[in-house]
């Protein structure tokens, strides 16, 4: 019969549509021919193997992965399968890698599973929320602040953001309070912004370079006509006439050779 397969019922009549002669499901067209490969039935897509048997579950077809539910229907869009989320295109093909869906980015691993939390992708760190959405900008994660640029990549080191300067350590965590960076000392307020100029911190006065924020140490500074001595710890102490005289005497004593000869 023209090389096609048909199914005849107990009365010998040709059948069409879905048939289950041996426990498997087959689909026969309006001409009675058994279908194989992809078949669209009532708006849904099914896959029938070379024997005509309807397939379910995961199927790899021509190098692409598809998922057919228990009824054999090919799935599209987001699907929760065995506790993991997958995304299938309109053609039913499972997607992997970065996917922009409805204006937001998701990352699906090599197995197609939607990822959440921190992910290392091609050497860069990204963060996806519990819904899998890639995050950007400032994010508070487990009590620490991180900054993710417009591409979603986690930033480290010095960052100029919104007119303020911040420092993010090698793990991406925004630092606050006193920090020693690159041989200089800096102070970051509770919002993480680096301070500069004159600052009163913990009851002491300090001066931070207005260009780079580095703490001034072991130098003389002036504010409103008053001179200050910045110590090794950066604390600035007003220089009075008495302290100036004492400093001068100490300097002179250090520079004057001893009047006593050897052995005295």
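Glycine is no exception: its Cβ is also placed from the backbone N, Cα and C atoms.
Keep in mind that this is a model prediction, so the values were computed, not measured.
The DSSP breakdown of the repeat 'Cell wall-binding' (15-34), given as helix, strand and coil counts, is 0 helix, 7 strand, 13 coil. As annotated by TrEMBL, repeat 'Cell wall-binding' applies to 15-34 (among others).
On the 0 to 100 pLDDT scale, the model's mean across the repeat 'Cell wall-binding' (35-54) is 97. Taken from TrEMBL, the feature repeat 'Cell wall-binding' covers 35-54 (among others).
When the repeat 'Cell wall-binding' (55-74) is classified with DSSP, helix, strand and coil residues number 0 helix, 11 strand, 9 coil. What TrEMBL lists as repeat 'Cell wall-binding' is 55-74 (among others).
Secondary structure counts, DSSP: the repeat 'Cell wall-binding' (75-94) has 0 helix, 11 strand, 9 coil. Taken from TrEMBL, the feature repeat 'Cell wall-binding' applies to 75-94 (among others).
Long-range Cβ contacts of the repeat 'Cell wall-binding' (95-114) within its own chain (Cβ-Cβ under 8 Å, at least 6 residues beyond either end) map to 65, 84-89, 121, 126, 128, 132-134, 152. Feature annotation from TrEMBL assigns repeat 'Cell wall-binding' to 95-114 (among others).
According to TrEMBL, the repeat 'Cell wall-binding' annotation covers 115-134 (among others).
Within the chain carrying the repeat 'Cell wall-binding' (135-154), a Cβ under 8 angstroms from the stretch's Cβ atoms is held by residues 105, 124-129, 161, 166, 168, 172-174, 192, all 6 or more beyond its ends. Summarising the annotation, TrEMBL assigns repeat 'Cell wall-binding' to 135-154 (among others).
Across the repeat 'Cell wall-binding' (155-174), DSSP assigns 0 helix, 11 strand, 9 coil. Per TrEMBL, the feature repeat 'Cell wall-binding' maps to 155-174 (among others).
When Cβ-Cβ distances below 8 Å are used as the criterion, the repeat 'Cell wall-binding' (175-194) is approached by residues 145, 164-169, 201, 206, 208, 212-215, 217, 234 of the same chain, each at least six residues removed from its ends. Per TrEMBL, repeat 'Cell wall-binding' is recorded for 175-194 (among others).
Sequence-distant neighbours of the repeat 'Cell wall-binding' (115-134) (same chain, 6+ residues past either end, Cβ-Cβ under 8 Å): 85, 98, 104-109, 141, 146, 148, 152-154, 172.
Under DSSP, residues within the repeat 'Cell wall-binding' (95-114) fall into helix, strand and coil as 0 helix, 11 strand, 9 coil.
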